[in-house]
Amino acid sequence: MPPVNFGSYQTKIYHDGTNLNRLPAITTNPTLLEKHAREVLSSRAYSYIAGGAGEKSTMEANRLAFRQWKLVPRVMRPMDDQSISVNLFGQEYKSPLIVGPVGVQGLFHRDKETGVAQVCSELDVPYTLSTASSSSIEDVAAANQAGHRWFQLYWVHDEEILLSLLKRAKENGFTVLVVSLDTWTLGWRPTDLDQGYFPFYAGIGNDVGFSDPVFRAKHEKKGGKIEDDIIGAANAWVSELDDRPHTWEQVEFLRKHWQGPIVLKGIQHADDARRALETGCEGLVVSNHGGRQVDGAIGSLDALPDIVDAVGDKMTVMFDSGVRTGADVIKALCLGAKAVLVGRPVIYGLAIGGKEGAKSVIECLLADLWQGMGLAGMRTVADCNRDCMRRISYPGDLKTML
């Protein structure tokens, strides 16, 4: 796969602005994305995407963890054949960046999941569809066309419905199954609680379930048609996902019925990583759900080194939670992640400018990653290692949030 110069996006912005008086559609400044999104979203929608568990201390820890790791640039290194491509599960990708699963994208813009999946295909960036989506599996696959797509599973309790979801995902070209382990029940989220708002109870974000033939048949057998009672159907679907944790032993059921890589998402402790390795799954994501589940927890980046040491190269370790910039991606790679999932920034872009806004955010992240690696003397992802960083705290690092 020939390398892609993602830094050319920076050149394009300067050229368009200088010669054509054409400025970027949305800001390139990651510190302003949330502010601009808040200006266009309803209070309920903004609270849902920007909120976290409790007093948001885990969200803050995610950002503070990044600030406490500093890159140590190297100079005078050849960069003629710079590449940020990676190989994950035998598949070559042009970069280590993956758009992670975020639910109810229709809450933020009418372009929703299908729009983001489309631009991911255009950029050749993997798109991860959430079970909690406002678009169906089939519609997202059609929008993503020949793109790389992964399916994130919220583990439904009814095995017949679960098998139907897996079948639909596989038949529609989703190649990697990402299983969320940390959301079997909701974290305590005051920003949503104060507004008494949970979009799924309003029928928003249930499209994967509502479009499932097995769920529909079971619901109708109980005497109700989904379209005649959206609220009742919403309650039935949510009950399939909530309040009953699964066990490590049950992972075998997924392995039996999914032909492809399985990634366990939500690992924060090295012992859980070792247990994940024992299941035979191919990968894991070091993630605390962006600080939305457990308040008072460690920053996800702080969990990464121990987990990488625990499983070594026996599993593909990936990372999310708190990623805002290209430098953040580099730091996660240096600490051992093979790929990095990003969520909130893409959704802020979607809110501000629809699918083109989401595309701009992804392009900015890729360009920032490319430029940052090159300037730090990292020709390829293989050059990203712990020797490239130092852990140092400065007083200004107490400013944690982007």
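Any Cβ shown, glycine's included, is placed from N, Cα and C.
Per Swiss-Prot, the features are:
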{"type": "ACT_SITE", "residues": "H289", "note": "active site, proton acceptor"}
{"type": "BINDING", "residues": "Y48, Y154, R189, R292", "note": "2-oxocarboxylate binding site"}
{"type": "BINDING", "residues": "S130, Q152, K265, D320, S321, G322, V323, R324, G343, R344", "note": "FMN binding site"}
{"type": "DOMAIN", "residues": "22-394", "note": "domain 'FMN hydroxy acid dehydrogenase'"}
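Structure coloured by features recorded in Swiss-Prot.
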residue	record	Cβ contacts under 8 Å, 6 or more apart
Y48	2-oxocarboxylate binding site	V104, L107, T191, D192, Y197, P199
S130	FMN binding site	P101, V102, G103, E113, Q152, Y154, V208
R189	2-oxocarboxylate binding site	G51, G52, A53, R292
K265	FMN binding site	Q152, V178, V179, S180, L181, D182, L284, V285, S287, D320
H289	active site, proton acceptor	S180, D182, T183, G187, G266, S321
V323	FMN binding site	V329, A332, V340, L341, V342, G343, P345
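In the three-state DSSP scheme, Y48 (2-oxocarboxylate binding site) is classed as helix.
Neighbour count (other Cβ atoms within 10 Å of the Cβ, all protein chains): 32 for S321 (FMN binding site). The Cβ neighbour count for Y154 (2-oxocarboxylate binding site), using a 10 Å radius over every protein chain in view, is 19. Cβ neighbour count for R292 (2-oxocarboxylate binding site) (all protein chains, 10 Å cutoff from its Cβ): 23.
DSSP classifies Y154 (2-oxocarboxylate binding site) as coil under the three-state reduction.
Put simply, the two farthest-apart Cα atoms among S130, Q152, K265, D320, S321, G322, V323, R324, G343, R344, the recorded binders of FMN, are 21 Å from each other. Within 10 Å of the C-beta of G343 (FMN binding site) we count 23 further C-beta atoms, all protein chains included. Averaged over the domain 'FMN hydroxy acid dehydrogenase' (22-394), the predicted model has a pLDDT of 97. Overall, the recorded 2-oxocarboxylate-binding residues Y48, Y154, R189, R292 cover a maximum inter-Cα distance of 19 Å.
Classification of K265 (FMN binding site) by DSSP places it within a strand.
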